[in-house]
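Heads up, the thing below is written out as structure tokens.
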């Protein structure tokens, strides 16, 4: 199944870092409350942090349907870990980034809680303007790096990495100094930076972000939280990494769309969008919103679309109970409009379309398909509006105010009559 991106749980990212010699907190993973209790005892730590493992952010302020508040808890008592895990595992956690009903927690991470005397930010990412990887760091960590860049740009440090030489010792030491590490901690931080770059290469990452890269009162440099993005094109040689992908939290509609190589993202509106090309799809969503409508989804058919994909896309759109109208906006450059038309007629015939349909097909074979769509004897009477040279800014009000009816098309002007 094609993926939009690879998602790893926090503990999975920490395992990858651990395997590359990067310093992380001691931790265990548990699937049951009893396992969590045993893990807490085994850690034998002064303080323990228990974290619900879901892919969405905002866990700390989330709420469980068990009544427990917060997906991240600190305690010094191992027995409390078991009690908290019992209220997390098997229950849905709702945060500002999850669906309304939340996401079921199947795993928790039990980790040693370390004091942090100072927090910094460090990342390695691919930068197209530099044609390769760069290091980005700031002595101000533990917060949104974009806020730091906006308020204190002088505290953002950037270093280009030569792909043939890798991270040189002087570069690593220089970045560690810019992050505010001094004395023995500077060398320790430089070592962590080089290990993070080794991980970046090893797993074909496009980004390794550590926020915070912290300093403990005991004089340790530790990567407390990490986000790793991967190059999906490297899946063929990163099978072990991609096998870790947790797709259980993915939206079922997005999963079904991926089976047909359709790029679909569900939204909260009532106007379904059926578009070719990501740019046109985003512009279509934006202009609907600009003029008072609300898009129900983002859907990019891509360039090499087949009739079956059109049909399956319509199945997805019509299955959404929020959808009150469908807007088809196709520019027939690479895409053959006849393929789109045939897919539409098949979908409307077999799926018994019951909502208004606005179609704009501009380009390749659009005159021929106008006749195909509007006058085909195989096409039962259904609520269809066919537009050529459609003024998109009218779409939202048109859908909202026009009663459902069939239409004819003036082939000379390519406009509805």
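For all residues, glycine too, the Cβ spot is worked out from N, Cα and C.
TrEMBL: automatically predicted annotations, no manual curation.
Summary of the site annotation: TrEMBL records GTP binding at 25, 58, 59, 60. Screening the candidates 6, 84, 89, 114 against this entry identifies 114 as the one listed for that site. Record note: TrEMBL gives 333, 334, 335 as substrate-binding, and the candidate from 233, 270, 276 in that site is 276.
Residue 115 (site 'Important for substrate specificity'): 11 other CB atoms within 10 A of its CB, across all protein chains.
The recorded positions shown are 115, 211, 225, 334, 335; of these, the one with its CA atom nearest the CA of residue 60 (GTP binding site) is 225. You'll find the Cα of residue 276 (substrate binding site) roughly 46 Å from the Cα of residue 25 (GTP binding site). Taken as a whole, the domain 'ATP-grasp' (14-60) shows an average pLDDT of 95 in this prediction. Note: residue 58 (GTP binding site) has non-local neighbours 95, 96, 97, i.e. same-chain residues 6+ apart with C-beta under 8 A of its own C-beta.
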